[in-house]
Amino acid sequence: MDRRLVVLYGSQTGTAKDVAERVARDARRRRFRVLVSAMDDYDRTRLIDEAPVIFVCATMGDGEEPDNMKAFWKFLLRKSWPRDILSNLEYTVFALGDSSYDKFNYPGKKLHKRLQQLDARPFYPKGEGDDQHYLGIDGTLDPWLDGLWQVLLQRFPLPPDQEIISDQELLPPKYRLVPYQGKSTAPPTRSAAPGTIAARVQCNTRMTTAIHFQDVRHVVFSIDEGVRHRPGDIVRLMPSNNAENVDALLSLMGWMAQADDLVLVENTDPDSPVPADIPQPTTLRALLTHHLSPWSRPRRYLFELLSHFATDEQQRDKLVEFCTAAGQDELYSYCHRPKRHCVEVIQDFFAVRNVPATYCFDLFPEMVARDYSLASYAEGKLELCIALVEYKTKLAAPRRGIASEWIRTLGKGDAVPLRVVPGTMTLPDDVNVPIICVGPGTGVAPMKSLIEARIQQGATANLLVFGCRSKAHDFLFEAEWQKHVDAGHLDLWTAFSRDQPAKVYVQHVLLQHGPQVFDWIHYRGAHVYVCGSSNQMPTDVRNALTLIVQNGAGLTHEQAVEYVAGMKKARRYHEETWS
Ligand SMILES: Cc1cc2nc3c(=O)[nH]c(=O)nc-3n(C[C@H](O)[C@H](O)[C@H](O)COP(=O)(O)OP(=O)(O)OC[C@H]3O[C@@H](n4cnc5c(N)ncnc54)[C@H](O)[C@@H]3O)c2cc1C
Ligand SMILES: Cc1cc2nc3c(=O)[nH]c(=O)nc-3n(C[C@H](O)[C@H](O)[C@H](O)COP(=O)(O)O)c2cc1C
């Protein structure tokens, strides 16, 4: 019997990839051979006659597929496929999403439906992970995996002479670091992904006043003369870790002596190739600086791995407990609620010794690129508006965002490789159609590119609804907006939430101007754009617009909800939000 499984993932920020790798490790412990791959890297022609496939599928944008499954998804959607083309395929799906979004787990649900349409058979029910679960994705993943392995071991029993490899046994590392014998002069960094452009920092200045709680940066990059990107595009930046922090980590792990030795990264399993963006040869220091993210939230596997190297029994027991179902609440209190990062965990478990550096890929998550909305429509430059993430938990040290820390240090003239990718928002073709841009905080960034493009097209029916805490401290791009207002190119409505006793937000301002908003939406076919924090704001704005439509058109609440949903379907209502 061929005991082979295939795990295919679609992942934007790495969580679904981590889940896929966890499934693969569990499978190897159960003596399956297993191929793990991003859906787009997989040879899709093999799907017709494939071993059982476990799809792990995250959700991005407004219910969209992650980038590394888009081609696969398009392939599955081909109309020309015979109705029963996948009749030999058995599969299951684990979807990852966040139930605070409207389109909860859409790609996973759609994938499941499409596979069934093509006659593939689910061998195990679909699972749905939810970021809102207090234990995160693991809250639903753990029980789903328990059931999955029961089903698979019934279908594919262990060979008579073999047992499940116990959790007490250390699995081989994902990749091996092999000493490099040749000569190399260039300092290893990161191999550029296709489409990377060379940009230089023109300025990196604080936009908010020094006493404002948040440091928001105006970052401008110069790019090739004459190159202009589309309004609504996204700039994708790959951060690096701070050199001093990397030094401290190398010392903590006892890896300093080998930090700068040239090594080749080789795979230990023929079915798990080394990512193409790792330069060969490289060094451990370069990997920890550019490729891995030790200052991120740990995966559960970190605790399992550390338990193998703990020299103190109590610490080992605690680490093992964190990997059990019973230990999840405690793991949450210790690690996830206060947002400890991997390095802090390793510092806490000081009795962990001699972890071989070759396990670095298993210990730490991969660094993932961060997206920023393009805030300009101009040739030869890219403007961004970036809120540096910093907040407190019960831990003494403030929590700081990985990219935020890196952006803070960028200085004039620094070379930054970046990519520009299409966003989800597009302008109406007709310049007479009004646009209503609702962009509180840094949500105003993409609005700036949209509005600048509209003004260049000669459109004047442009409305910006901007919100922030106070006019004096965080009114982003105030001078630019005023210039457009004075020129008659822009209507500007503002909500300064803390400038008066009662809190005022963008949705309140929309409601105050209900009849005009209704007129633009209903009679002039306005397009609406909502950007910024994914917390409560998008829902509040949608509710306000629903009420405006309800009152304006004399509809019931249900009809008004349908009306706004219809705008979304017709691509007249765009939401681009982030946490
Ligand atoms: C399409 C798109 C466009 C974007 N455009 C912009 C933009 O124009 N400007 C901009 O500033 N950002 C934008 N972002 C967000 C940006 O990509 C990063 O997520 C952000 O800069 C944080 O990255 P980081 O590496 O500094 O933080 P990370 O290290 O990734 O940490 C961020 C995480 O910290 C946690 N967190 C943050 N604040 C708190 C808090 N107060 N309390 C508890 N936990 C918290 C959250 O879990 C959050 O996900 C955009 C995101 C997307 C997807
Ligand atoms: C910018 C952004 C947009 C998202 N949009 C949705 C969405 O529309 N629906 C949903 O269910 N989850 C959404 N999510 C939640 C992610 O799907 C979830 O966090 C998932 O675990 C991410 O997996 P990944 O790290 O593999 O990309 C979104 C997350 C982000 C950061």
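Glycine is treated like the rest: Cβ placed from N, Cα and C.
Site annotation for NADP(+) in TrEMBL covers THR442, SER497, ARG498, LYS503, VAL504, TYR505, VAL506, GLN507, and the matching candidate from ASP362, ASP371, ASP540 is ASP540. Residues ARG370, ASP371, TYR372, SER373 are given by TrEMBL as FAD binders; from TRP144, TRP149, TRP520, TRP578, that same site also lists TRP578. In the three-state DSSP assignment, the secondary structure recorded for TRP578 (FAD binding site) is strand. A Cβ distance below 6 Å to any atom of ligand 1 is met, among the binding-site residues ALA58, ASP98, PHE104, TYR372, SER373, ARG498, by TYR372, SER373. Neighbours of GLY61 (FMN binding site) among the binding-site residues ARG370, ASP371, THR442, ARG498, VAL506, TRP578, defined as a Cα within 10 Å of its Cα, are TRP578. Looking at the domain 'FAD-binding FR-type' (194-428) alone, the prediction's average pLDDT is 95. Across the range of the domain 'Flavodoxin-like' (5-149), the DSSP-based residue counts are 58 helix, 33 strand, 54 coil. Ranked by CA distance from SER11 (FMN binding site), the binding-site residues ASP371, SER373, THR442, VAL504, ASP540 have ASP371 at the top as the closest. With TYR372 (FAD binding site) as the anchor, the candidate binding-site residues are GLY14, TYR101, THR442, VAL506, ASP540, and the one with the nearest CA is THR442.
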